[in-house]
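**Q** First the structure, then my questions, so here it is.
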């Protein structure tokens, strides 16, 4: 095996240039199948907003909201302010938050495929319950099962993509999860646009169609190859080598395999990964695992994607026009993700996050000004201003789609060493789902209270996160996943936080006892 110098964590420092291989059809197919999990996540994000704007659904389960919607004197910003309706959307993410804690040990001890299959089965059950719901309890039970699927899928799929992708294309291939998510959102918007014509049962079709990608995810999980990292970590080194040879299209995988073996030896010495991740030497990665998903949600994007039809109806768009406008934003999100895939491994992560953040701030401020000046509680926007609002919301979505959308998942999935990778991904998913739940539950109330100021609220957060990236996030482009820890010791701020190299070995031993 190829040699290399070692740091205190036991992982090779200078072996990356010896990695060989190419992008094989085996890698592409594996990534495509795995990324189906993202499409279901996106479908469930996009479908709820359209369904909750359908009169038949509201009359069946949320009659109070249905009556309020029909009252002309009700404030435009407060028509949909109902905690029960918000709970329909947010329950999905609360269930996902709990299930991701269960998914972490399964992903580590039984492999990434096991969690992908568990997620697919949960999605199947949830979509069936939602489609056949006859009361609110059955409806919420279906949403909870979908949330369990999200917890498993979002925990395993980004890890899977990071671990099968070649180092030089890891950013682009890992973004297939976000691309699949955006395709799922767009598909949900188009489905809602069609099913709202099918009265009174169109909403059932919207909710039930999630079963199709769930079936693909479940079946695909059985046939996917396990990642070589996971196999090596579980002691199946020779099997891991065979998979790595297929993935890289070359027999000369010694250098990359040796990095995995070195990392797995350290990983297997760690008995309590969640305790280990709290060590000072993992502080930079832990901060990123918390801040990146938190900031991703605080861009305000999920509020637009969850409630796009509701939001556009609030602005005076008719039922069909609001669904059409939300479908347009979904299409724009898909296209912008393609831009990110093409640029992320050339321009790097930091450039996309900073420029995307600036663009989002400008768009949100402009939308807030237009709504504040031209849109009142009981008025409607003129056609011209409505078009301008839709354009700037689309530009906001474009900025998110090539920056925080994919990179909010990519960066946390690639920065952790193997011994804390599964725990780190669990924290990332848990934080994402926690803040998604909070925003989903609070958004309709915030919209009623802040009115047009809701866009300024999110613009303020985007300003904070852009400054955070500029000062605290090092560039991870082209850095091998098993050598990522070296970045932090060279960063102007994090090198002050990390313990001395001589203390790292002792710290590692202490946590494994």
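One-based numbering along the chain as shown.
Glycine too: its Cβ is placed from the backbone N, Cα and C atoms.
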**Q** In Swiss-Prot, which of the ranges 27-47, 48-68 has the transmembrane segment annotation?
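**A** Going through 27-47, 48-68 one by one, Swiss-Prot flags 27-47 as transmembrane segment.
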**Q** Could you tell me which of the ranges 351-371, 477-497 is annotated in Swiss-Prot as transmembrane segment?
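**A** Comparing 351-371, 477-497 with Swiss-Prot, transmembrane segment matches 351-371.
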**Q** When each of 205-225, 324-344, 351-371, 452-472 is checked against the transmembrane segment (171-191) for Cβ pairs under 8 Å, which one has the most?
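**A** Answer is 324-344, with the largest number of Cβ pairs below 8 Å.
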**Q** Taking contact to mean 3 or more CB pairs closer than 8 A (sequence separation of 6 or more), are the transmembrane segment (452-472) and the transmembrane segment (205-225) in contact?
**A** no
**Q** Counting Cβ pairs closer than 8 Å, which of 27-47, 84-104, 121-141, 324-344, 387-407 has the most of them with the transmembrane segment (286-306)?
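**A** Between the stretches 27-47, 84-104, 121-141, 324-344, 387-407, 387-407 has the largest tally.
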**Q** Using a Cβ cut-off of under 8 Å, list the residues of the same chain at least 6 residues beyond the transmembrane segment (324-344) that approach it.
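**A** Residues 46, 49-50, 171-172, 175-176, 178-179, 182-183, 185-190, 192-193, 304-305, 308-309, 312, 317, 352, 390, 393-394, 397-403, 405-407, 410, 477 contact the transmembrane segment (324-344) from elsewhere in the chain.
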**Q** Do any residues of this chain, six or more beyond the ends of the transmembrane segment (387-407), have a C-beta under 8 angstroms from a C-beta of it, and if so which?
**A** 174-175, 177-179, 181-182, 292, 295-296, 299, 301, 304, 312, 315, 325, 328-329, 332-337, 339-341, 343-344, 349, 352-353, 355-357, 359-360, 363-364, 366-367, 370-371, 381, 465
